[in-house]
Amino acid sequence: MAILAPASVSKDPLPSSSSALTPLRSSTQIFGPKFKFRQIGQTQLSLSTSFKKSSGFKLKGWRHSEGITQEFQVDKLETAAEVENECDFFDKMKHRFLSFKKQKFMENLEHYQNLADGQAPKFMVIACADSRVCPSNILGFQPGEAFIVRNVANMVPPCESGPSETNAALEFAVNSVKVENILVIGHSRCGGIHALMSMQDEEDPSFIRSWVLVGKNARLNTKAASSSLSFDHQCSHCEKESVNCSLLNLLTYPWIEEKVRAGALSLHGGYYNFVDCTFEKWTLDYDGSNLKESKEVAFRNRSFWS
């Protein structure tokens with residue numbers, strides 16, 4: 001190919017004929033764009049032909065879309081079923097409430113009107129949050145008879161542990177409502193006690209660990225007294241030992257200890273075994289206990305209901 005010399009600037013007028021421009025057009029300038037255009041056209045034609053021939057491609061895409069649609073429809077059906085189940089459950093709750101209103105509230109209207117003006121229960125009950133352990137259902141407490149607080153493993157933290165919903169309820173029940181009895185109820189197969197007995201030495205930042213550590217003395221006492229027993233039997237032992245430790249912790253609150261010493265407040269322990277439906281009950285003997293020197297606790301009025 002000949003190399004063109006740089007064009008010199010000329011004062012001659014530009015040619016008027018378009019043919020005069022022909023020498024300035026190289027073959028590259030002419031065929032390059034055309035070739036590229038032809039390549040693009042062939043590529044589009046090739047893809048179009050391959051799409052037509054490859055019906056599997058379209059089928060696959062269609063099936064994939066159909067699968068998404070089916071999944072969406074299944075999700076809609078599951079969501080609808082969940083909503084329906086939830087509605088069914090609330091319908092049952094509605095019927096239970098209306099039954100309560102008709103058979104109890106309306107038939108004892110004067111009693112419930114008195115409760116609307118204030119409460120004066122004789123008992124405070126501290127029970128586990130376990131759904132199988134409902135004090136009102138098990139012991140037959142009626143509205144107005146018991147001030148009830150429930151937490152994991154029915155524990156009472158000592159006064160020095162600081163504020164919690166449990167000691168806030170204690171303060172209100174003892175100082176404002178002026179209950180005469182506090183009953184702490186443990187129960188069989190308690191998940192909180194199982195967690196307490198299963199704890200390892202390494203740190204665990206969970207809320208459950210932080211809470212059940214309230215019962216660490218019950219765990220230590222259980223390990224010392226029943227180390228030869230199986231783990232399940234140790235848990236059963238700790239379920240009752242934890243109740244006794246909670247009774248001791250109640251006495252760390254000055255306003256509780258003062259009322260117990262004066263005989264104005266009694267502390268009781270209870271244990272509900274929902275496997276064979278039995279109940280044990282005992283009462284702390286404040287005068288018979290040696291709390292200052294050895295922290296030995298005495299109990300009285302033990303009974304077993306079966």
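Positions of Cβ are set from backbone N, Cα and C atoms, glycine also.
Feature annotation (TrEMBL): of 1-21, 106-126, 190-210, 232-252, the stretch labelled region 'Disordered' is 1-21. Note: the Zn(2+) site is recorded as CYS128, ASP130, HIS187, CYS190; in the same chain, ALA127, ALA129, ARG132, VAL133, ALA153, ASN154, GLY186, SER188, ARG189, GLY191, GLY192, ILE193, GLU239, TYR272 also have Cβ atoms within 8 Å of that site's Cβ centroid.
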